[in-house]
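Down below is the structure, laid out as structure tokens.
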Amino acid sequence: MANIPHGGVLKDLHARDAPKKEQLLAEVEKLPSIVLSDRQLCDLELIMNGGFSPLEGFMNQEDYQSVVNNLRLKNGLLFSMPITLDVSDQDIETLGLESKKRIVLRDPRDDAPLSILTIQDIYKPNKIEEATKVFGDDDILHPGVKYLHTQAKEFYVGGTVEAIQSPIHYDYIAHRHTPAELRAHFNKLHWTRVVAFQTRNPMHRAHRELTVRAARNRQANVLIHPVVGLTKPGDIDHYTRVRVYQALMPKYPNGMAALSLLPLAMRMGGPREAVWHAIIRKNFGNTHFIIGRDHAGPGKNSKGVDFYGPYDAQKLVAKYQDELEIEVVPFQMVTYIPDSDEYLPVDEVPEGTTTLNISGTELRRRLRNGGHIPEWFSYPEVVKVLRETHPPRSKQGFTLFLTGYYNSGKKAIGKALEVVLNQQGGRSVTLLLGETVRHGISSELGFSRRDRDQNIARIAFVSAELTKAGAAVIAAPIAPFAEARAQAKSHVETYGGFYLIHVNTPLDYCIKTDRRGIYKKAQSGEIKNFTGVDDPYEAPVDADIVVDVSKQCVSEICHQIVLVLEKDGYIGER
């Protein structure tokens, strides 16, 4: 029999509200609406299906303050993470939000009405207090803190929700289950003891070994329960990860394991998050939960120190184990023993025994360089999936982003690089000259700071899409502002290489060699907002490559850039 839900009753709002669905849909047409953010959407889905039991809505001020200060709801029940619906003062004014008012919560993807919320209260949180008490720090390098201060709006709305429909998913539908569905599955298979394994990363042979050991030691089955909502920025996308999990499942003993996807928006809250994850897994019917080293840890703070200790999460969950009523299984680090071709817990390895391991950094290096990944580390089926999504650099796209004054030589360098890279072959090559972009996709923009930034954002978008497709992109705008260049880099390097190339030709030289007389017109006032004359240029301090056509010929500059690309593996042998 599946574990009892947290609080004793599974709050399946879909089942509860199904008889009045038509009534709710009719009411939708008369009510104002809030279109949810991606995180709010994840939260609402788990509120409605019971994954966040005993919650029946977003926390009111009393529950919120109690959770922030005491890890408990107002009624005393353990709950470690505030679940809030943030709104702006403009939302409050425009929609007329107030106590007892009813409002529709809509899916941001298709505007579908998902539920109706009855407002209990509207309150302004102390975000510094929330960050400090929930995440242990107000350091903006913590993703949860950053979200709180830069994305979450200034007010919270508390209230209960009535379910109309669940968000529709189009991917991996066979592996998506509500708590009620998963509990029914466990009961059908007579799984009375189930160990849940939380992950937001790909799984390899070591993960398979430790989950099998955990199950066998407790005479239980295994639920691989990965997060496919919002995880840590920079994590591998869930499409790739789920394909990895699917490839791994046949490697378990027949009938031992199941795979189910959790649409959770993680906060990376370490110890508090571990308690929250245990509550969620309990609601999904699990009796045991594996908690790893630095569970839900976001890495290092601005001082270079880990936000949480490696075993802080295990200690906090152990403190509340009796209330949680789910047995915690400490993560057992396992290592490969080549002499016996097996994995063993590190504390069971005899002294002097040869062991092998590949770190996450080393794995990424081998994927990047096309290096060998041995079968003792990961199954070939898993490696195949990872290589499809993370090809070696020789098959990845990249963007060369040239910045500098008008007439600094960017255009000549860009055209020469286009020829050189086409000669290399193996990729399509796209040249985005500043003037071409201005005439093409940014013709309505002027030269204000806002318009300049918008122009660079468009170039970054096009460059990112082409880079994602494996192309070589040469972008050559003036790009005078550091912030816009940094945002372009952040956008593009998600999909491949990004090189900021400062064409550092002195302004005097640019003016002297300007055969078209553009600078002369700008200096006379005929042209306004001209970079280097009456508009500033913020010279890069973070350029990957610096060149100067007053001192180097274009061929020499191209050769310099090509050598860097070869060194980094983007061109050369394929």
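Cβ from N, Cα, C; glycine included.
The active site annotation in TrEMBL covers T199, R200, N201. Taken from TrEMBL, the feature ATP binding site covers Q198, T199, R200, N201, G292, R293, D294, H295, V334. What TrEMBL records for E435, T436, V437, R438, R516 is 3'-phosphoadenylyl sulfate binding site. Taken from TrEMBL, the feature domain 'Sulphate adenylyltransferase catalytic' covers 176-388. The region 'Allosteric regulation domain' feature in TrEMBL is assigned to 396-574. The site 'Transition state stabilizer' annotation in TrEMBL covers H204, H207. Positions annotated as site 'Induces change in substrate recognition on ATP binding' by TrEMBL: F331.
The separation of Q198 (ATP binding site) from T436 (3'-phosphoadenylyl sulfate binding site), Cα to Cα, is 49 Å. The sparsest Cβ neighbourhood within 10 Å, among the listed recorded positions (H207, R438), is found at R438. For the recorded positions R200, H204, G292, R516, a Cα to Cα distance of within 10 angstroms from F331 (site 'Induces change in substrate recognition on ATP binding') holds for G292.
In the structure as shown, the Cβ atom of R200 (active site) sits within 10 Å of 20 other Cβ atoms. Counting every protein chain shown, the Cβ of Q198 (ATP binding site) has 25 other Cβ atoms within 10 Å.
Around V334 (ATP binding site), the C-beta neighbours below 8 angstroms that are at least 6 residues distant in the chain are A206, E209, L210, R213, Y343, L344, P345, V346. Cα of H207 (site 'Transition state stabilizer') to Cα of T199 (active site): a distance of 10 Å. If you compare Cα positions, R200 (active site) sits closest to G292 out of the binding-site residues G292, E435, V437, R438, R516. Taking each of the recorded positions T199, T436 in turn and counting other Cβ atoms within 10 Å of its Cβ gives the largest count for T199. Here the Cα atom of R516 (3'-phosphoadenylyl sulfate binding site) is found 61 Å from that of H204 (site 'Transition state stabilizer'). A simple way to gauge crowding: the CB of V437 (3'-phosphoadenylyl sulfate binding site) has 20 other CB atoms within 10 angstroms, across all the protein chains here. Fewest Cβ neighbours within 10 Å among the recorded positions N201, F331: that distinction goes to N201.
If you draw a 10 Å sphere around the CB of H204 (site 'Transition state stabilizer'), it holds 20 other CB atoms from the protein chains shown.
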